[in-house]
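Worksheet: the structure to be examined is printed underneath.
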Amino acid sequence: MSSQVCTASAPFFGFMGVTASLVFANIGAAYGTAKSGVGIASMGVMNPGLVMKNIIPVIMAGVLGIYGLIVAVIIQGSIQKPEISDGQEVMKYSLFSGFAHLAAGLCCGLSGLAAGMCIGIVGDAGVRAIGQQEKLFVVVILILIFAEALGLYGLIVALILSTNTYVCE
């Protein structure tokens, strides 16, 4: 096979996909947790009985980190190390696979980041509003579900992208 397709740098792109998936998704999860947590703490001063009911945005933000972890583990398991054949290193992992895994990692990670930002902002404002008017609970939860769906879409596309591989022979 052409040395341009099966280069020694191909695994770099796969490992960058692993990194992007985990890091960006965890940044989104951390932001969503922190921002929602500030709102819960502020609301809890005025209405402490609603604190446990309003912990949902924090849980939803944490799930985004799990999405990134799932994709990172799947991609990492697909990266093949070079084999020794006749005293020479033979690459099995192609640039095509590396680019597909990088795209999968970026897809999941950046979707998780966007969803985490959305969950954080909605969670902060939402739990404060629920502290003043409990009838808003269902509306806020629906908004949070649609925000979480953004991360889920990234996970689904990343799983599809991660199956695109080409093995060098």
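Indices start at 1 and increase along the chain as displayed.
Using the three backbone atoms N, Cα and C, a Cβ is placed for every residue, glycine included.
Each residue in the domain 'V-ATPase proteolipid subunit C-like' (16-75) has a pLDDT score, and their mean in this model is 96. According to TrEMBL, the domain 'V-ATPase proteolipid subunit C-like' annotation covers 16-75 (among others).
Annotation source TrEMBL lists domain 'V-ATPase proteolipid subunit C-like' at 102-161 (among others).
Sequence annotations record features per position, and here TrEMBL assigns transmembrane segment to 12-34 (among others).
If you look up TrEMBL, you'll see 55-79 (among others) marked as transmembrane segment.
The feature transmembrane segment is assigned by TrEMBL to 99-124 (among others).
If you look up TrEMBL, you'll see 136-161 (among others) marked as transmembrane segment. With a threshold of 8 Å between CB atoms, the same-chain residues lying at least 6 positions outside the transmembrane segment (136-161) that come near it are 21, 25, 28, 53, 56-57, 60, 63-64, 67, 70-71, 74, 100-101, 103-105, 107-112, 114-116, 118-119, 122-123, 126-127, 129-130.
Outside the transmembrane segment (99-124), and at least 6 residues removed from its termini, the chain residues within Cβ reach (under 8 Å) are 13-14, 16-36, 38-39, 56-58, 60-61, 64-65, 67-68, 71-72, 75, 78-79, 140, 143-144, 147-151, 153-155, 157-159, 161-162, 164-165. Secondary structure by DSSP for the domain 'V-ATPase proteolipid subunit C-like' (102-161): 59 helix, 0 strand, 1 coil. Broken down with DSSP, the domain 'V-ATPase proteolipid subunit C-like' (16-75) shows 57 helix, 0 strand, 3 coil.
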